[in-house]
There are 2 protein chains.
Amino acid sequence: MTPQPFPVSEIVASRRPHRKDAARNFDALLAAARAAFAEHGAEASLEDIARRAGVGIGTLYRNFPTRRDLFESVYADEVNELCQVAEEVAGLEPWEALTAWLDRFTGYTVTKRAVREALDGDAEIFQACRKSMEAAGGPLFERAQQAGQARRDMSFDDLLRMIAGIAATAFDDEDQRRRVLSIALDGVRASR
Amino acid sequence: MTPQPFPVSEIVASRRPHRKDAARNFDALLAAARAAFAEHGAEASLEDIARRAGVGIGTLYRNFPTRRDLFESVYADEVNELCQVAEEVAGLEPWEALTAWLDRFTGYTVTKRAVREALDGDAEIFQACRKSMEAAGGPLFERAQQAGQARRDMSFDDLLRMIAGIAATAFDDEDQRRRVLSIALDGVRASR
DNA sequence: ACTGTAGTGGAGGTTTTCCTCCGGTTCGAT
DNA sequence: ATCGAACCGGAGGAAAACCTCCACTACAGT
């Protein structure tokens with residue numbers, strides 16, 4: 001196990017029960033919720049999620065007393081994975097590292113579209129996710145800027161939102177998604 | 001009244017009742033639905049929509065027998081407005097015309113996010129909307145390409161999806177939205 | 001092995017939303 | 001002014017989702 005330097009990992013970990021069976025159920029619920037939110041959007045049925053996870057509805061409610069609690073956990077879980085990825089690509093060249101990370105980003109956010117929709121701004125956990133993302137991806141962006149490959153008149157937050165928007169869009173196929181992403185990134189490149 | 005050269009306008013017009021009171025209710029329902037979908041997403045309560053429109057639930061169901069019918073109408077209505085805008089900007093310089101249209105596009109699609117989400121692909125009306133958008137915006141894009149200002153290795157559909165994604169994203173403020181949009185459009189510019 | 005405690009699952013009451021149905025109303029053509 | 005067709009609205013039954021509660025089960029520490 002590698003150490004987790006990001007605030008979000010704490011958040012999910014602290015919710016996870018200690019007992020073996022409970023932890024298993026917790027994980028199953030998180031996975032089921034992730035799938036359900038991706039498929040049916042933010043209003044997915046909680047009973048359905050419990051059923052998919054193979055647990056009773058009561059178990060869902062004990063782990064996540066409100067729908068929002070469940071959202072927050074799914075969201076934090078994804079952000080956490082994304083932070084790990086940022087470390088994986090750290091060895092690449094500045095621009096390649098940034099684009100590789102953003103490429104993975106678009107993959108994860110397919111689910112996040114629905115999740116974020118419900119998490120409109122005012123969640124405390126949202127701040128932690130922000131911070132983690134900044135901590136993970138910010139350096140990649142700054143490195144690309146210092147290498148003269150990314151423009152300086154935009155913030156990391158600008159970049160993130162642009163990519164998030166594109167990631168949430170439905171494309172005809174994987175090719176189109178890549179093409180559009182690379183066009184948008186051409187706009188991020190420092191003008192030659 | 002200007003003539004309506006786009007297929008979508010037919011679709012909405014053909015649904016609209018002829019009698020005065022009925023037409024008024026139809027319009028009120030459409031407006032209420034638009035607001036409700038923008039606010040609560042695709043699962044907004046139909047009874048709530050009827051209440052907002054100041055009509056009974058029965059009236060809603062007569063005009064739009066299914067939820068999908070209502071979606072389709074709201075969607076077609078917005079696409080229609082967007083087509084009109086394309087004609088308004090036709091007089092500008094090629095690149096300015098394109099960006100002006102896309103800028104208006106981002107405004108309208110705030111609502112459309114929720115609508116499209118539910119209209120996943122297989123609607124007949126969706127084809128008509130596609131066609132109309134293509135007919136309205138396609139020429140603007142091609143003109144910019146012929147003027148050597150837009151890159152040629154992307155399709156109009158690519159452009160539309162990129163913009164739609166950005167339009168659906170929540171930004172801190174109007175400034176950020178404009179900034180991000182213009183960065184993405186820098187990627188669309190023909191490289192100098 | 002034993003025991004206390006944390007965890008489990010689902011029955012069922014409550015609330016919300018859906019959608020039909022029909023007695024009464026309004027419009028517009030004559 | 002009158003008439004009939006088109007339209008209105010909401011009562012109310014069906015279906016779905018929510019969420020509480022508690023008798024039962026399985027884990028972890030001794």
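Glycine is no exception: its Cβ is also placed from the backbone N, Cα and C atoms.
The domain 'HTH tetR-type' annotation in TrEMBL covers B:23-82.
Per TrEMBL, DNA-binding region is recorded for B:45-64. Predicted-model confidence for the DNA-binding region (B:45-64) is 95, expressed as mean pLDDT.
Residues in the domain 'HTH tetR-type' (B:23-82) partition by DSSP class (helix H, G, I; strand E, B; coil) as 49 helix, 0 strand, 11 coil.
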